[in-house]
Amino acid sequence: MGSSFHASCVVSIMLLLMVSAMQSNAQLTANFYDKSCPAAISTIRKTVRTAIAKERRMAASLIRLHFHDCFVQGCDGSVLLDDAPSITSEKNAFQNAGSVRGFEVVDSIKAAVEKACPGVVSCADILAVASRDASEYVNGPTWTVKLGRRDSITASKDLAEADLPIAFNDLDAQISSFAKQGLSVRDMVALSGAHTIGQAQCATFRGRIYNDTNIDAGFARTRKRACPVSDGNTKLAPLDLVTPNSFDNNYYKNLIQKKGLLHSDQVLFNGGSTDAIVTSYSKDKATFYSDFASAMVKMGDISPLTGSSGQIRKICSVVN
């Protein structure tokens, strides 16, 4: 009696542990909202397209939002939370402060989706879909977005400052930053190609144009005109001087010509281990697009909250 009771207890505990593990590792699926909110994907796409039609730069901003979300606590919408009594917003992290943007577009998407199906679609999933739609709209790659993420009830400014890449990083630091998230060197080089669109503030590239030696002299002169030595920190310059508003592989061609705007860009082609990948992408846009799409899917899989974890926020900037 005693031994059989003990055995049944052990089996029960093992089953509970298995169920718990399955819940915590619940798989994201492309058709997650097919029944619960069939209008979700088209609603997100429509709002994203409207926003980018008004301001082309928004495409880069939406891709960056998803990236900066996933690198901190996983893809859980934590980057969207404002300061609150128990929350120090990730928006205040130095990698985000005054530069991460697109929150009003996310709010518009959320309002439209809530109108269609209240309390169903997470802010974390909105970021994932919006980044795909943004890329597609500016002639970039597209991919199947896996869905089913839930929203965090916490954020971490400290973790953001520790885990988000920095514009001044050398190659080893870049590789380590991505490896910490389970992303390979090739993923890192591909994802860096998002800098084919968007703009950067003078403060992030001043050191590059005034101090780096692996830089085209004419390119440096051009950039110095809008970025003086000690002023104009927030003045903007396109990350890709050639086709700043189109998603293509010119970013890699620029690196080969020593025309990377950020130090962390140019280190990808500077006699190191990633030179061959940069050269490959500069010659073969299809390979870059394929690798970028795969890396975005992989990044979207970073530590999502699923099942009964987290919540579905009603407003993306505040916990319910």
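From the backbone N, Cα and C atoms, a Cβ is placed for every residue, glycine too.
When the candidates CYS9, CYS37, CYS202 are compared with TrEMBL, only one is recorded as disulfide-bonded to CYS117, and it is CYS37. Looking only at the recorded positions VAL72, CYS227, CYS316, the densest Cβ neighbourhood within 10 Å occurs at VAL72. A gap of 7 Å separates the Cα atoms of ASP76 (Ca(2+) 1 binding site) and CYS70 (disulfide bond). Same-chain residues at least 6 positions away in sequence with a Cβ under 8 Å from that of CYS75 (disulfide bond) are, in sequence order, HIS66, ASP69, ALA124, LEU127, ALA128, ARG149, MET299, GLY300, ASP301, ILE302, SER303, PRO304. A 10 Å cutoff on Cβ-Cβ distances gives SER78 (Ca(2+) 1 binding site) a total of 27 other Cβ atoms nearby, all chains included.
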